[in-house]
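Here is the structure we will look at.
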């Protein structure tokens, strides 16, 4: 759930008249769904002729006499004492069927004409009617009402919470309500420590709060399917937009080395775009999942998984690709049988030519998606193409690779300070000075093509960035 959604739901909650809100029980610690039942006495306008239903509804809406409450339909059916069923309209809560002083001129006119008759109606609201925010707001203490826990990450059927300490006494009841109100969620967990605190594979300790103890999920992203044990690999559904943004920078037939590939959220969608990818991850289970994803999404012609240390992978990738056997993938266009038959006889339009994709022997892009430590791995790039200067500009048109490194920086009021911090840290690991002026259109070294993208705010004091730059000649050709 997005913060803006949370704010709007909170606003709607406070605007809803009290009689339509759920009963309050701030002492509840075990969810009692039967408690959340409210009988609301209202008035109803019974419509005698079916042909008048549309006009009556328009008139009552225009005069603001019809009941307008979110998720409550104003159209009802009522049964008279003879058992006959009539269409009717619920009326605003302050209009009383037996008190003409509360009637508007429109209601008076409709009654006097014999178009409608007013009567009592008991509206029954139960647990299923109210939203997650409404139920939780009727349970939590009033001093915790300003920011009820609504934001969560969903991975497959698993909802991953990151509850603040003040909400921990209510964690189980919050989780149950969350699961009830989101039908696709079958398991709710809470992160108990930071990502990577107990594992180099970016997994995190968690506790089961509600539902099935099953973290084997099926996750879809960019039309790709991934199946994995969420307890054993890293996945962040909030990064789908970023995954898409970067993949869109790659062109078909380019060569990408994904250094910390995880289960393949960059690599597999890139493979579907006919981009060649060497995708590496240190986590053995992540490597297995990526192998499965490559096969499952039919990108094995373009994506090759590796299970190596990130530095070793970077250092060996350039030479390994130069030494690799040439690879060309030919894809025949899909053509119907009738067109094939006609083409074989020389009839009709000729068949479209096959598409040919040839893997480059030079890496076009390196992706380093390990924001906590990826910058430290930049020290593996010096000497990447030492002795191969003749293969690159200005001797040829071949450019050195672009590097896309993810990182965190303390969220400052002035984003320029974050950019300066990132440049200084990258410079230290590369042994080459990169400054914020090296950005495209800046006053610095334009060959660096620096671009720092603000990915997302992780916490009030933690921002995630993606710094992209062209590997400098002084780094790539350095003798080490």
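A Cβ is built for glycine as well, from the same backbone N, Cα and C atoms used for every other residue.
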281, 282, 309, 310, 369 bind S-adenosyl-L-methionine per TrEMBL; candidate in 243, 419 listed for that same site: 243
For residue 309 (S-adenosyl-L-methionine binding site), the number of other Cβ atoms found within 10 Å of its own Cβ: 13
Around the Cβ of residue 243 (S-adenosyl-L-methionine binding site), the count of other Cβ atoms that are within 10 Å: 21
Model confidence over the domain 'SAM-dependent methyltransferase TRM5/TYW2-type' (152-473), averaged pLDDT: 93
